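Here is the structure we will look at.
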């Protein structure tokens, strides 16, 4: 610092000028900052079929699903009707001869009234599949409520169990103008779709780089082993839905239809936020996100097949939230089918 070169004022001025002229102006307007956030949100959502909640949000809550079983809560009537009506009316491509209950807010002439709303005319395979998925999800949720119904509420412990009368009201052919059996067929269709997704995503989890981290190494290894067992079971059942026939037309039309498909489903996941009952909203959103994750998997086959074995994937990734939703949603569907068999036995006993 005492050398002549270091104290050369001309060199110091030139250096300061170079630093000044060469400095990067990192100032950003608030509008630009908001735009960047919006761009990042858009980019992150491009391969998602549902709205994922921000786990870092101060409004987010962690919930133990074992302490909050899905069952009847008393949430019904106009509020529940509005949610499902919005889902069907705003997002579902319209199928033929589907009877749905009329608005419960409207004056009734007595009895449960239905109206025939839709027509299959001109609907492609993809749009029919979309409706069946939503109908199957609706049927599955209704089955859970019927199977775990509040049968008796005393000062002691409430008694929960299957309510055959409620099941008949929601699914009997006579009670539903023939719509009940179609709903149950759609439940099985949805089950096959998610079964197919589990089979397809197996290579993602089979890689050594994927770790179901919880902080307990022994539990992590055990959880992954159990998950891989489930994948092996799904592969042993070959009668899955073949999604390759979907979006198989001209590239431009197929891309547009797939985007429409995705946006409709994302809107459904937003509508689930409007459910007034906390527990109903919890399970509705979880099962919607599970189905959205299944769709993401089915439409990412090439990316999954090209995953690197020993390094993280950039082309296809599942968040912890998506993994939890996928597995639990499939568990709910499996429970629905088991409960359906139980109701068949109970109906035979009552006749």
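Note that Cβ sites are derived from N, Cα and C of the backbone, with glycine treated the same way.
Features reported for this protein in TrEMBL:
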- 15-50: disulfide bond (DISULFID)
- 71, 73, 84, 135, 138, 170: FAD binding site (BINDING)
- 277: active site, nucleophile (ACT_SITE)
- 277-280: disulfide bond (DISULFID)
- 280: active site (ACT_SITE)
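A map of TrEMBL features onto the structure.
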residue	record	Cβ contacts under 8 Å, 6 or more apart
71	FAD binding site	144, 145, 148, 149, 150, 160
73	FAD binding site	277, 279, 280
84	FAD binding site	138
135	FAD binding site	182, 183, 186
170	FAD binding site	142, 146, 176, 180, 183
Checklist line | Packing count at residue 138 (FAD binding site) (other Cβ atoms within 10 Å of its Cβ) | finding: 19
Notebook entry, point to check: Within 10 angstroms of the C-beta of residue 280 (disulfide bond), what count of other C-beta atoms is obtained when all protein chains are considered?
Noted result: 22
Check: By a simple count, how many Cβ atoms lie within 10 Å of the Cβ of residue 277 (active site, nucleophile), its own Cβ left out?
Finding: 16
Next item on the list: State, in Å as a whole number, the widest CA to CA span among the FAD-binding residues 71, 73, 84, 135, 138, 170 given in the record.
Entry: 21
